[in-house]
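Database features (TrEMBL):
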TRANSMEM  46-67  transmembrane segment
TRANSMEM  73-97  transmembrane segment
TRANSMEM  126-146  transmembrane segment
TRANSMEM  158-185  transmembrane segment
TRANSMEM  239-258  transmembrane segment
TRANSMEM  291-312  transmembrane segment
TRANSMEM  324-344  transmembrane segment
TRANSMEM  356-374  transmembrane segment
TRANSMEM  386-407  transmembrane segment
TRANSMEM  456-480  transmembrane segment
REGION    494-514  region 'Disordered'
COMPBIAS  504-514  compositional bias 'Polar residues'
Amino acid sequence: MSVISQLPTGEGNIQNDLSAHILKPDDDSRFKLSWRTRISFSVGHVLNDLTASMWFTYLLVFFHLVLRFDNSLSGIVLLIGQIADGIATPFVGLQVGEAYSNPGQRREGSRCYSGLLSKLGPRKTWHFFGTMCILASFPFIFMPCVGCSTSSQWAQVIYFSGFIVIFQFGWAAVQVSHLSLIPVLAHDERSRTELTALRYAFTVASNITIYTMTWVTLGVTGAAQQVVGPEDTSDFRDVVLIAVGIGAIFSLLFHCGVDEVKHNQVYHSNKNESNSPSAMKAFDWLKEKQFYQVAILYMATRLFVNLSQVYLPLWLQDNLKLGATSVATTPLALFVSGFLTSLAMGPLTQIVGRKVVYLIGALIGLGACFYVWFGHGEFFQSYGIYGVAALYGAGGSTMLITSLAVTADLIGPHVESGAFVYGAMSFTDKLSNGLTVFLIQYLHPCASCCPDCKPYYVMILALVCGSAALLALMSLATMIPLDIGVLPKGYQRISSDTEDDVTPESNQSISVMA
């Protein structure tokens, strides 16, 4: 049973009527989600998951080892994408929020756009636009420059930048619109947890699919015992085309199975029937201290997760000189470990609370950093690398799932500006990741490959990832006395299943968080 925060009387007091509509949604059939809707929603991010797995795990591998770009230019390519994504996310968030908060304005603009808004809803409309952008651009990022493969590397960077900007805009549109659907479809903590769990399950499945395809493709072509090189160009092309095809099918299933317009009507009906809290406009969040605390937590978490995912394959190739299939099998171990760890999060959260669960995840992640720093020898190269991957996977998965749950707690019932919050969080994530990777590549001791590469990637995985985990812990420490989502007078929310007061009912489904 959810509990209500102690609210002041007067403006912002929503204890009386709102509890009948938000705390007990199961009493109203309007709030019940069919399994068709749940599964259809959960697969709506598969295209993003597949392409993100390729982007973070193999972009530097492809440009540095296959196309033979030097380290700094490879970093610039990734930085361009992260900046484009960082700019696009708050823009899309504002556009979705504007279309949602002002239905009357949907008739303005082009007839095509207003028609899609009316038939699909603002979130699904932007999801559709984003999907088209990804399908049209992403395959070209993992193929040699068409008609300019012999041009200078800077000329090729300009060529790839166009496709990267289109892809990242589309990726941001799909991510923000899909995440902001969660509070609209699910009106209580338990339902939100179920949707998040199913969504993350398909994220794990998508990553496993990419690594399995890469493993099989590199193995079939006889590259299993070789370092990745230009001869593997066709292998990456095949993997990316298959991935985009699979993602397109799941995106179609999402659009056929989720009716945003109907759920928007239910939300507005409920909002009109109850004394809802004052609406939080996009820029109202910028005045809230909790907004920045959660943003730092999410940014540091993404830094840890993404940097470990980006530099693990390069560490295996440039430092340990392992076979090409290691760039698939080791990340595969990382995500399998993350999936298995997430199964225990429900019972653990029920016992110790959300903040302690995050602390445990960060400590596991720091353990991975220590293992990379001190690990050496034949046993470590043969078997220890999978222990490293397992620790990074367990720690990163725990931190990421918990940080997303904290973000949902922050938004609470203020779904009208939820897209902006997710967009702002993603902005800090993309910009920090892009700048960090660029600096790492720019400061690389050699342009291509040399003996100095060996200790460099060890330092990145151990010291930089470790610093990100420590930053996350410092942000977490500032939240210890706080009830996330309890905002000042006029913007109060219902405190549902807070991190330190978790009920068995609300956590039944967290145990399947994957």
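The backbone N, Cα and C atoms fix where each Cβ goes, glycine too.
Given the structure is predicted, the values throughout are model-derived calculations rather than measurements.
Panel annotation: around the transmembrane segment (126-146), residues 44, 47-48, 51, 54-55, 58-59, 62, 67, 92, 95-96, 116, 120, 156, 159-160, 163-164, 166-167, 169-178, 233, 236-237, 239-241, 244, 247-248, 251, 254-255 of the same chain, lying at least six beyond its termini, place a Cβ under 8 Å from a Cβ of the stretch. The highest tally of CB pairs under 8 A with the transmembrane segment (239-258), across 46-67, 73-97, 291-312, 356-374, is held by 46-67. Of the Cβ pairs linking the transmembrane segment (456-480) with the transmembrane segment (46-67) and spaced 6 or more residues apart, fewer than 3 are under 8 Å, so the two regions do not touch.
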